[in-house]
Amino acid sequence: MTPVIIKNIECFITRPDRHNLVTVRVTTDQGVTGHGCATFQQRPLAVKTLVEEYLQPLLTGRDANNIEDLWQMMNVNAYWRNGPVMNNAISGVDMALWDIKSQLAGMPLYQLFGGKSRDAIPAYSHASGDTLDALFASVDALIEKGYRHIRCQLGFYGGTASGLHAPENPTPGAWFDQQEYMSNTVDMFRALREKYGWKLHILHDVHERLFPQQAIQLAKQLEPYQPYFIEDILPPQQSAWLEQVRQHSCVPLAMGELFNNPSEWHDLIVNRRIDFIRCHVSQIGGITPALKLAHLCQAFGVRLAWHGPGDMTPVGVAVNTHLNIHLHNAAIQEFIPRSAMTDKIFPGAPEVKDGFIYPPVNAGIGVGFNEELARAHPVMYRPHEWTQSRLPDGTLHTP
(Lines of atoms letter the chains of each structure in order from A and count residues from 1; the text may use other names and numbers.)
(Lines give C-alpha, C1' and ligand atoms only; values in the text may rest on other atoms or scores of the structure.)
Protein backbone atom coordinates (compact mmCIF):
# COMPACT_ATOMS: atom_id res chain seq x y z
CA MET A 1 0.00 0.00 0.00
CA THR A 2 1.28 3.45 -0.90
CA PRO A 3 2.14 5.46 2.23
CA VAL A 4 -0.03 8.49 2.98
CA ILE A 5 2.32 10.86 4.77
CA ILE A 6 1.07 13.30 7.40
CA LYS A 7 2.24 16.79 6.42
CA ASN A 8 0.60 18.88 9.12
CA ILE A 9 -1.80 18.78 12.06
CA GLU A 10 -3.75 21.88 13.11
CA CYS A 11 -6.30 22.63 15.81
CA PHE A 12 -9.09 25.21 15.58
CA ILE A 13 -11.45 26.55 18.24
CA THR A 14 -14.63 28.29 17.16
CA ARG A 15 -17.64 29.55 19.08
CA PRO A 16 -20.53 29.96 16.64
CA ASP A 17 -23.05 30.08 19.50
CA ARG A 18 -22.56 29.35 23.20
CA HIS A 19 -20.13 26.43 22.91
CA ASN A 20 -16.41 26.39 22.16
CA LEU A 21 -15.99 23.70 19.50
CA VAL A 22 -12.55 22.16 18.92
CA THR A 23 -11.66 20.69 15.52
CA VAL A 24 -8.46 18.98 14.40
CA ARG A 25 -7.35 18.95 10.77
CA VAL A 26 -4.78 16.50 9.41
CA THR A 27 -3.23 17.26 6.01
CA THR A 28 -1.48 14.60 3.91
CA ASP A 29 0.89 14.51 0.95
CA GLN A 30 -1.92 12.97 -1.12
CA GLY A 31 -3.88 16.22 -0.97
CA VAL A 32 -6.54 14.64 1.23
CA THR A 33 -7.40 16.29 4.55
CA GLY A 34 -9.36 14.85 7.44
CA HIS A 35 -11.19 16.44 10.34
CA GLY A 36 -11.92 15.22 13.84
CA CYS A 37 -13.79 16.39 16.93
CA ALA A 38 -11.64 17.25 19.96
CA THR A 39 -14.13 19.36 21.88
CA PHE A 40 -13.51 19.65 25.60
CA GLN A 41 -15.82 22.58 26.23
CA GLN A 42 -14.45 23.38 29.67
CA ARG A 43 -10.74 23.32 28.67
CA PRO A 44 -10.49 24.01 24.91
CA LEU A 45 -7.15 25.82 24.95
CA ALA A 46 -5.49 22.94 26.80
CA VAL A 47 -6.56 20.56 24.01
CA LYS A 48 -5.30 22.93 21.31
CA THR A 49 -1.92 23.20 23.03
CA LEU A 50 -1.57 19.43 23.29
CA VAL A 51 -2.45 18.91 19.62
CA GLU A 52 -0.19 21.59 18.18
CA GLU A 53 2.76 21.48 20.57
CA TYR A 54 2.99 17.72 21.15
CA LEU A 55 0.99 15.58 18.71
CA GLN A 56 1.88 17.58 15.60
CA PRO A 57 5.65 17.08 15.92
CA LEU A 58 5.15 13.48 17.07
CA LEU A 59 3.13 12.43 14.01
CA THR A 60 4.30 14.65 11.14
CA GLY A 61 6.08 12.53 8.54
CA ARG A 62 4.41 9.28 9.59
CA ASP A 63 2.07 7.11 7.53
CA ALA A 64 -1.60 8.02 8.09
CA ASN A 65 -2.61 4.51 7.00
CA ASN A 66 -1.47 3.02 10.30
CA ILE A 67 -4.26 4.29 12.52
CA GLU A 68 -3.96 1.65 15.23
CA ASP A 69 -0.22 2.15 15.63
CA LEU A 70 -0.54 5.95 15.65
CA TRP A 71 -3.31 5.78 18.26
CA GLN A 72 -1.19 3.61 20.53
CA MET A 73 1.75 5.97 20.08
CA MET A 74 -0.31 9.03 20.99
CA ASN A 75 -1.71 7.22 24.00
CA VAL A 76 1.57 6.09 25.55
CA ASN A 77 4.08 8.66 24.30
CA ALA A 78 3.55 10.98 27.28
CA TYR A 79 3.75 7.98 29.65
CA TRP A 80 0.76 9.18 31.73
CA ARG A 81 -2.47 8.65 29.87
CA ASN A 82 -6.29 8.58 29.75
CA GLY A 83 -7.18 12.06 30.93
CA PRO A 84 -9.86 14.20 29.25
CA VAL A 85 -7.43 16.72 27.74
CA MET A 86 -5.19 14.07 26.21
CA ASN A 87 -8.06 11.85 25.08
CA ASN A 88 -9.83 14.67 23.26
CA ALA A 89 -6.60 15.69 21.55
CA ILE A 90 -5.98 12.09 20.48
CA SER A 91 -9.58 11.82 19.32
CA GLY A 92 -9.28 14.81 17.01
CA VAL A 93 -6.34 13.20 15.22
CA ASP A 94 -7.85 9.70 15.29
CA MET A 95 -11.14 10.79 13.72
CA ALA A 96 -9.26 12.78 11.08
CA LEU A 97 -7.20 9.69 10.17
CA TRP A 98 -10.36 7.59 9.77
CA ASP A 99 -11.84 10.43 7.69
CA ILE A 100 -8.79 10.36 5.41
CA LYS A 101 -8.81 6.57 5.05
CA SER A 102 -12.49 6.39 4.11
CA GLN A 103 -12.13 9.30 1.67
CA LEU A 104 -9.25 7.51 -0.04
CA ALA A 105 -11.41 4.38 -0.15
CA GLY A 106 -14.19 6.41 -1.77
CA MET A 107 -16.87 5.36 0.70
CA PRO A 108 -18.73 6.64 3.77
CA LEU A 109 -17.00 5.76 7.02
CA TYR A 110 -19.65 3.24 8.12
CA GLN A 111 -18.98 1.27 4.92
CA LEU A 112 -15.28 1.15 5.76
CA PHE A 113 -16.23 -0.28 9.16
CA GLY A 114 -18.07 -3.13 7.40
CA GLY A 115 -21.38 -1.69 6.24
CA LYS A 116 -24.70 -1.02 7.90
CA SER A 117 -26.62 -3.01 10.49
CA ARG A 118 -29.82 -0.98 10.16
CA ASP A 119 -31.70 1.34 7.83
CA ALA A 120 -31.55 4.28 10.26
CA ILE A 121 -30.85 4.95 13.92
CA PRO A 122 -33.67 6.21 16.18
CA ALA A 123 -32.93 9.66 17.60
CA TYR A 124 -33.91 11.36 20.81
CA SER A 125 -33.83 14.98 21.82
CA HIS A 126 -34.48 16.95 25.01
CA ALA A 127 -37.73 18.36 26.41
CA SER A 128 -37.79 20.42 29.59
CA GLY A 129 -39.79 22.99 31.49
CA ASP A 130 -40.10 24.62 34.88
CA THR A 131 -43.72 23.45 35.04
CA LEU A 132 -45.55 20.40 33.73
CA ASP A 133 -47.43 22.53 31.20
CA ALA A 134 -44.16 23.95 29.89
CA LEU A 135 -42.70 20.44 29.69
CA PHE A 136 -45.77 19.15 27.83
CA ALA A 137 -45.40 21.95 25.29
CA SER A 138 -41.76 21.01 24.77
CA VAL A 139 -42.66 17.32 24.37
CA ASP A 140 -45.47 18.15 21.92
CA ALA A 141 -43.08 20.15 19.75
CA LEU A 142 -40.74 17.17 19.47
CA ILE A 143 -43.57 14.73 18.77
CA GLU A 144 -44.64 17.04 15.92
CA LYS A 145 -41.15 16.60 14.46
CA GLY A 146 -41.49 12.82 14.58
CA TYR A 147 -39.62 11.97 17.77
CA ARG A 148 -40.86 8.99 19.76
CA HIS A 149 -37.91 8.93 22.18
CA ILE A 150 -37.64 12.07 24.33
CA ARG A 151 -35.48 12.96 27.31
CA CYS A 152 -37.71 14.75 29.81
CA GLN A 153 -36.58 17.02 32.64
CA LEU A 154 -38.85 18.97 35.00
CA GLY A 155 -36.95 22.00 36.19
CA PHE A 156 -33.24 22.40 35.71
CA TYR A 157 -30.03 21.41 37.46
CA GLY A 158 -29.83 24.00 40.16
CA GLY A 159 -30.47 27.68 40.60
CA THR A 160 -30.11 30.30 43.28
CA ALA A 161 -30.41 29.44 46.95
CA SER A 162 -33.58 31.50 47.28
CA GLY A 163 -36.55 29.30 48.08
CA LEU A 164 -34.37 26.66 49.72
CA HIS A 165 -33.75 26.23 53.43
CA ALA A 166 -30.16 27.42 53.04
CA PRO A 167 -27.59 29.17 55.27
CA GLU A 168 -27.25 32.94 55.41
CA ASN A 169 -25.07 34.57 52.75
CA PRO A 170 -24.97 31.44 50.57
CA THR A 171 -21.92 30.76 48.41
CA PRO A 172 -22.64 31.37 44.70
CA GLY A 173 -23.43 28.23 42.75
CA ALA A 174 -26.16 26.06 41.24
CA TRP A 175 -28.15 25.13 44.36
CA PHE A 176 -30.04 21.87 44.28
CA ASP A 177 -32.39 20.06 46.68
CA GLN A 178 -32.17 16.29 46.14
CA GLN A 179 -35.42 15.37 47.89
CA GLU A 180 -37.40 17.99 45.99
CA TYR A 181 -35.86 16.80 42.74
CA MET A 182 -36.77 13.16 43.44
CA SER A 183 -40.36 14.01 44.29
CA ASN A 184 -40.73 16.21 41.20
CA THR A 185 -39.24 13.53 38.95
CA VAL A 186 -41.67 10.85 40.10
CA ASP A 187 -44.54 13.32 39.60
CA MET A 188 -43.20 14.11 36.13
CA PHE A 189 -43.14 10.46 35.04
CA ARG A 190 -46.65 9.90 36.38
CA ALA A 191 -47.96 12.96 34.52
CA LEU A 192 -46.22 12.02 31.28
CA ARG A 193 -47.69 8.52 31.31
CA GLU A 194 -51.16 9.89 32.09
CA LYS A 195 -50.95 12.33 29.18
CA TYR A 196 -49.07 10.35 26.52
CA GLY A 197 -49.65 6.73 27.48
CA TRP A 198 -47.09 4.08 26.60
CA LYS A 199 -46.22 4.93 23.00
CA LEU A 200 -43.73 7.59 24.07
CA HIS A 201 -40.30 6.36 25.17
CA ILE A 202 -39.22 8.52 28.12
CA LEU A 203 -35.56 9.02 28.97
CA HIS A 204 -34.28 10.91 31.99
CA ASP A 205 -30.88 12.14 33.17
CA VAL A 206 -30.25 12.28 36.93
CA HIS A 207 -26.86 13.87 36.15
CA GLU A 208 -25.18 12.14 39.12
CA ARG A 209 -26.94 14.43 41.62
CA LEU A 210 -27.94 11.77 44.19
CA PHE A 211 -26.39 9.83 47.04
CA PRO A 212 -26.40 6.02 46.60
CA GLN A 213 -29.37 5.33 48.88
CA GLN A 214 -31.38 8.01 47.09
CA ALA A 215 -30.51 6.46 43.74
CA ILE A 216 -31.89 3.12 44.89
CA GLN A 217 -35.05 4.79 46.14
CA LEU A 218 -35.61 6.72 42.90
CA ALA A 219 -35.03 3.66 40.71
CA LYS A 220 -37.67 1.74 42.67
CA GLN A 221 -40.15 4.63 42.43
CA LEU A 222 -39.73 5.03 38.66
CA GLU A 223 -40.04 1.35 37.79
CA PRO A 224 -43.85 1.39 37.25
CA TYR A 225 -43.45 4.10 34.58
CA GLN A 226 -41.04 2.04 32.44
CA PRO A 227 -38.36 4.57 31.46
CA TYR A 228 -36.41 3.81 28.29
CA PHE A 229 -33.39 4.45 30.48
CA ILE A 230 -32.27 6.48 33.48
CA GLU A 231 -28.91 8.10 32.91
CA ASP A 232 -26.12 8.74 35.41
CA ILE A 233 -28.14 7.84 38.47
CA LEU A 234 -24.80 7.89 40.31
CA PRO A 235 -21.40 9.51 39.70
CA PRO A 236 -18.65 7.27 38.27
CA GLN A 237 -16.76 7.11 41.55
CA GLN A 238 -19.83 5.49 43.15
CA SER A 239 -20.54 3.05 40.32
CA ALA A 240 -20.00 0.01 42.59
CA TRP A 241 -23.39 0.89 44.13
CA LEU A 242 -25.06 0.05 40.81
CA GLU A 243 -25.07 -3.60 41.87
CA GLN A 244 -27.42 -2.69 44.71
CA VAL A 245 -29.53 -0.49 42.44
CA ARG A 246 -29.89 -3.54 40.18
CA GLN A 247 -31.01 -5.72 43.09
CA HIS A 248 -33.89 -3.36 43.90
CA SER A 249 -35.11 -2.26 40.47
CA CYS A 250 -35.24 -3.39 36.84
CA VAL A 251 -35.19 0.19 35.48
CA PRO A 252 -32.72 0.29 32.56
CA LEU A 253 -29.54 2.14 33.53
CA ALA A 254 -27.28 4.20 31.27
CA MET A 255 -23.86 5.52 32.20
CA GLY A 256 -20.58 6.62 30.68
CA GLU A 257 -20.37 10.23 29.50
CA LEU A 258 -17.68 10.99 32.10
CA PHE A 259 -15.63 7.85 31.49
CA ASN A 260 -12.06 8.23 30.21
CA ASN A 261 -10.48 4.79 30.30
CA PRO A 262 -11.36 1.08 30.13
CA SER A 263 -10.98 0.50 33.86
CA GLU A 264 -14.05 2.70 34.39
CA TRP A 265 -16.36 0.72 32.12
CA HIS A 266 -14.97 -2.82 32.03
CA ASP A 267 -16.48 -4.16 35.27
CA LEU A 268 -19.83 -2.45 34.70
CA ILE A 269 -20.12 -4.16 31.33
CA VAL A 270 -18.88 -7.66 32.12
CA ASN A 271 -20.97 -7.77 35.31
CA ARG A 272 -24.00 -6.39 33.44
CA ARG A 273 -24.61 -3.52 35.87
CA ILE A 274 -25.71 -1.17 33.09
CA ASP A 275 -27.94 -1.59 30.06
CA PHE A 276 -26.61 1.26 27.90
CA ILE A 277 -23.10 2.71 27.60
CA ARG A 278 -23.09 6.49 27.21
CA CYS A 279 -19.43 7.20 26.51
CA HIS A 280 -18.49 10.43 24.76
CA VAL A 281 -16.44 9.24 21.79
CA SER A 282 -13.86 12.04 21.88
CA GLN A 283 -13.58 11.74 25.66
CA ILE A 284 -12.35 8.13 25.37
CA GLY A 285 -9.90 8.86 22.56
CA GLY A 286 -11.88 8.64 19.34
CA ILE A 287 -13.14 6.04 16.90
CA THR A 288 -10.40 3.47 17.49
CA PRO A 289 -11.25 2.82 21.17
CA ALA A 290 -14.98 3.31 20.53
CA LEU A 291 -15.06 0.31 18.18
CA LYS A 292 -13.31 -1.85 20.78
CA LEU A 293 -15.68 -0.69 23.50
CA ALA A 294 -18.70 -1.43 21.30
CA HIS A 295 -17.57 -5.00 20.67
CA LEU A 296 -16.99 -5.58 24.38
CA CYS A 297 -20.50 -4.30 25.07
CA GLN A 298 -22.05 -6.59 22.46
CA ALA A 299 -20.53 -9.66 24.11
CA PHE A 300 -22.34 -8.84 27.36
CA GLY A 301 -25.67 -7.54 26.06
CA VAL A 302 -24.98 -3.84 26.68
CA ARG A 303 -26.35 -1.44 24.06
CA LEU A 304 -24.81 1.75 22.70
CA ALA A 305 -26.16 5.25 23.31
CA TRP A 306 -23.15 7.50 22.67
CA HIS A 307 -23.18 10.88 24.40
CA GLY A 308 -24.28 13.55 21.92
CA PRO A 309 -24.59 16.97 23.62
CA GLY A 310 -24.64 20.43 22.07
CA ASP A 311 -20.99 20.96 22.97
CA MET A 312 -19.55 18.68 20.31
CA THR A 313 -18.78 19.49 16.71
CA PRO A 314 -21.01 18.26 13.88
CA VAL A 315 -18.02 16.11 12.92
CA GLY A 316 -18.48 14.31 16.25
CA VAL A 317 -22.22 14.01 15.63
CA ALA A 318 -21.52 12.41 12.26
CA VAL A 319 -19.02 9.99 13.82
CA ASN A 320 -21.74 8.88 16.25
CA THR A 321 -24.02 8.29 13.28
CA HIS A 322 -21.46 6.21 11.36
CA LEU A 323 -20.84 4.09 14.45
CA ASN A 324 -24.57 3.67 15.05
CA ILE A 325 -25.37 2.72 11.48
CA HIS A 326 -22.64 0.07 11.50
CA LEU A 327 -22.64 -1.40 15.01
CA HIS A 328 -25.24 -4.09 15.65
CA ASN A 329 -25.79 -3.19 19.32
CA ALA A 330 -26.37 0.52 18.74
CA ALA A 331 -29.70 1.55 20.25
CA ILE A 332 -30.30 5.26 19.88
CA GLN A 333 -28.59 8.57 19.06
CA GLU A 334 -28.85 11.74 21.08
CA PHE A 335 -29.44 14.80 18.88
CA ILE A 336 -29.37 18.49 19.81
CA PRO A 337 -30.49 21.07 17.20
CA ARG A 338 -27.65 23.27 15.91
CA SER A 339 -27.48 26.97 15.12
CA ALA A 340 -27.51 28.15 11.51
CA MET A 341 -23.95 29.44 11.87
CA THR A 342 -22.73 26.09 13.19
CA ASP A 343 -24.14 24.43 10.07
CA LYS A 344 -22.36 26.98 7.87
CA ILE A 345 -19.03 26.30 9.55
CA PHE A 346 -19.61 22.53 9.43
CA PRO A 347 -21.64 21.81 6.25
CA GLY A 348 -23.04 18.35 5.68
CA ALA A 349 -23.86 17.43 9.28
CA PRO A 350 -26.50 14.75 10.00
CA GLU A 351 -30.14 15.72 10.43
CA VAL A 352 -33.15 14.01 11.99
CA LYS A 353 -36.03 13.01 9.73
CA ASP A 354 -39.23 11.91 11.45
CA GLY A 355 -37.35 10.65 14.49
CA PHE A 356 -34.52 8.86 12.63
CA ILE A 357 -31.00 9.66 11.44
CA TYR A 358 -30.15 8.03 8.13
CA PRO A 359 -26.77 6.79 6.83
CA PRO A 360 -24.46 9.55 5.54
CA VAL A 361 -23.84 9.41 1.79
CA ASN A 362 -20.57 11.30 1.29
CA ALA A 363 -17.16 9.64 1.41
CA GLY A 364 -15.33 9.92 4.71
CA ILE A 365 -17.04 11.30 7.78
CA GLY A 366 -18.86 13.58 5.36
CA VAL A 367 -18.79 16.90 7.24
CA GLY A 368 -16.88 19.91 5.94
CA PHE A 369 -15.08 22.68 7.81
CA ASN A 370 -15.08 26.37 6.80
CA GLU A 371 -11.91 27.76 8.36
CA GLU A 372 -12.65 31.38 7.42
CA LEU A 373 -16.05 31.35 9.12
CA ALA A 374 -14.63 29.47 12.09
CA ARG A 375 -11.97 32.14 12.65
CA ALA A 376 -14.68 34.81 12.56
CA HIS A 377 -16.14 33.26 15.72
CA PRO A 378 -13.16 32.92 18.08
CA VAL A 379 -12.94 31.14 21.41
CA MET A 380 -14.56 32.84 24.38
CA TYR A 381 -14.13 31.25 27.78
CA ARG A 382 -15.87 31.84 31.10
CA PRO A 383 -16.09 29.65 34.22
CA HIS A 384 -19.11 27.35 34.07
CA GLU A 385 -21.70 27.97 36.77
CA TRP A 386 -23.70 24.79 36.26
CA THR A 387 -20.75 22.65 37.35
CA GLN A 388 -20.71 24.49 40.70
CA SER A 389 -23.56 22.38 42.06
CA ARG A 390 -24.35 22.90 45.75
CA LEU A 391 -26.61 21.08 48.20
CA PRO A 392 -28.92 23.06 50.54
CA ASP A 393 -26.17 23.39 53.17
CA GLY A 394 -23.73 24.81 50.60
CA THR A 395 -21.67 21.65 50.02
CA LEU A 396 -20.32 21.22 46.49
CA HIS A 397 -21.71 18.11 44.78
CA THR A 398 -20.91 16.32 41.53
CA PRO A 399 -22.54 18.20 38.64
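Positions of Cβ are set from backbone N, Cα and C atoms, glycine also.
Record check, Swiss-Prot: Mg(2+) site residues include E231, E257, and the candidate from D205, D267, D275 also listed there is D205. Binding of D-arabinonate is attributed by Swiss-Prot to H207, E257, R278, E334, and the same site annotation extends, among H165, H295, H307, H322, to H307.
A 10 Å cutoff on Cβ-Cβ distances gives E334 (D-arabinonate binding site) a total of 23 other Cβ atoms nearby, all chains included. Cα-Cα distance from R278 (D-arabinonate binding site) to E231 (Mg(2+) binding site): 8 Å (rounded to the nearest whole number). In the structure shown, the C-beta of E231 has more C-beta neighbours within 10 angstroms than that of any other entry among the binding-site residues D205, E231, E257.
Comparing C-alpha positions, E257 (Mg(2+) binding site) sits nearest to H307 among the binding-site residues H207, H307, E334.
The separation of D205 (Mg(2+) binding site) from E334 (D-arabinonate binding site), Cα to Cα, is 12 Å.
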